Amino acid sequence: MLDLPSPFEDVDTIINKFAAVGLNITDVVALSGAHTIGQAKCATFNTRLFNFSGTGAPDSTMESSMVSDLQTLCPLTDDGNKTTSLDRNSTDLFDSHYFQNLVNNKGLLTSDQELFSSTNLTTKDLVQTYSTNQSLFLVDFANSMIRMGNISPLTGSSGEIRKKCSVVNSLDETH
C-alpha cells in the first residue's frame, strides 16, 4: 500500500515512497498533477508563509504576491482550518495549470513546489514539459492512475467502494 506523502516532504522522500510500491518518477509528477483541483487547509502550507525552515522569512520559492495574499488569508493567529485552492488559476478544471504554477513559483504545498524547485532535474524537466503539453500530462496521469490502482487492491469482502470517499460505508447498509 502506498504511504501517501505529506505536504511537507521533500521530493526525494516522496520519490522513495512511490518507488517502494513500484511507481516511478513520472508517476510522482503526473499524480501530483491531481492537485490541479481541490483545496488545502492553511495548516498544510503556513510554514511557507512566515518561518520557512526556521529562517524567520517566507519560502523564497513562493512568488511574493502569492505570499502576501496567503498571509492575509492565513494569519499566524489563525487556527489553520481556512482553505484555499491548490491551483489558483483553474480551480475547477483538470488541466496543466498546476504545472504552470510550479514553473512560476506558485505551488501551494512544499511537496508540490519541490517538484520544480529542488535539485532533482528529472522532476523539474517533467514539470516543465507538462506545463506546456497538457495532452502528455493527461495521458501520463491516466497511466499512472492505473499503475497506482494496481497496488495491492482489496478484493471481495476485504474492501469496499465507498459511497462517500471520506466515510466508511455503514455496516447496516444494503450493498
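Just so you know, glycine gets a Cβ as well, placed from its N, Cα and C.
Of the listed cysteines C42, C165, TrEMBL assigns the disulfide bond with C74 to C42. Cβ crowding, taken as the number of other Cβ atoms within 10 Å, peaks at D87 among the binding-site residues D87, D95. Once Cβ contacts within 10 Å are tallied over all protein chains shown, the disulfide-bonded residues C42, C74 are led by C74.
Around H35 (heme b binding site), the same-chain residues six or more apart in sequence whose CB sits under 8 Å from its CB are L86, D87, Y98, L108, L109, D112, listed in sequence order. In this structure the C-alpha atoms belonging to D95 (Ca(2+) binding site) and P5 (substrate binding site) are separated by 22 Å. In sequence order, G33, H35, I37, N89, S90, T91, L93, F94, S96, H97, Y98 are the same-chain residues whose CB sits within 8 A of the CB centroid of T36, D87, D95, the residues recorded for Ca(2+) being left out.
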